[in-house]
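Everything below concerns the one structure shown next.
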Amino acid sequence: MTKDYQDFQHLDNENDHHQLQRGPPPAPRLLQRLCSGFRLFLLSLGLSILLLVVVCVITSQNSQLREDLRVLRQNFSNFTVSTEDQVKALTTQGERVGRKMKLVESQLEKHQEDLREDHSRLLLHVKQLVSDVRSLSCQMAALRGNGSERICCPINWVEYEGSCYWFSSSVKPWTEADKYCQLENAHLVVVTSWEEQRFVQQHMGPLNTWIGLTDQNGPWKWVDGTDYETGFKNWRPGQPDDWYGHGLGGGEDCAHFTTDGHWNDDVCRRPYRWVCETELGKAN
């Protein structure tokens, strides 16, 4: 029995020895695994929280940037509209100023033109007055000379180079103007030189004025018989053209001074001013 007890005890000792060899290691491995998984979870959670914070910050900044951009766009739009309004206002104001300046310039030019015309008329009146005074002086001298011959131009006529000239202030057709001169024992002016043309222009001014030149009966002729072909001429370029497109019937058979002094052929029925001419001492 003692042997059996010893064997049993020996068996228990062996079992204890084997148990000590296998030991309790499985428990720490499980705990280590659990700890490793928890660390990964914490790390993942931390990274997730960090990522969430970053996303929130970026989202917040993006929203702020969008708001700032919207405000900038609105401010730029307002500035653009305001600038356009100011530009339009300045443009409108500039146009008004430009129109006023043009109006003032136009009025000034008109006043200057009126002054020039008044000055020209005044000079003509002065010249006519001087001519009348000379004519009166001439006639008075003739009377004082007990009828001795002294040749003078009539009052209201102007003497130039041995001829007397009368300048109209009204208008007539060419034929009526020629008849008027004939009643004064004169004829429509016959221009034979540049000097005579300048003299007539100085007294008439820039006006359409009949002269004693016509081709109603064929070729161009001066009313006093002065030779046309070899004499002085001052036609406007392209004239005479005997134009029929004026709608008044017939051609253009009578000559006149234009406003620039050149000659032009025109319809004889047009009403223009005229100049009568006669030799000194022949006028009525």
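Glycine is no exception: its Cβ is also placed from the backbone N, Cα and C atoms.
Ca(2+) 3 binding, as stated in Swiss-Prot, involves Gln239, Asp241, Asn264, Asp265; the candidate among Glu252, Glu277 given for that site is Glu252. Of the listed cysteines (Cys164, Cys181, Cys254), only Cys181 is recorded by Swiss-Prot as the disulfide partner of Cys276. Record check, Swiss-Prot: Ca(2+) 2 site residues include Asp215, Glu252, Asp253, and the candidate from Asp178, Asp227, Asp242 also listed there is Asp242. For Cys153, the partner cysteine in a disulfide bond according to Swiss-Prot, taken from Cys138, Cys164, is Cys164. With a cut-off of 8 Å between Cβ atoms, none of the residues of this chain six or more beyond the transmembrane segment (40-60) come close.
Rounded to a whole number, the distance between the Cα atoms of Cys164 (disulfide bond) and Asp253 (Ca(2+) 2 binding site) is 26 Å. The average per-residue pLDDT of the prediction over the topological domain 'Extracellular' (61-284) is 87, rounded to a whole number. There are 20 other CB atoms within 10 A of the CB of Val190 (Ca(2+) 1 binding site), with all protein chains counted.
Counting other Cβ atoms within 10 Å of each Cβ, the lowest count among the binding-site residues Gln239, Asn264 belongs to Gln239. Around Asp265 (Ca(2+) 3 binding site), a 10 Å sphere centred on its CB holds 22 further CB atoms from the protein chains shown.
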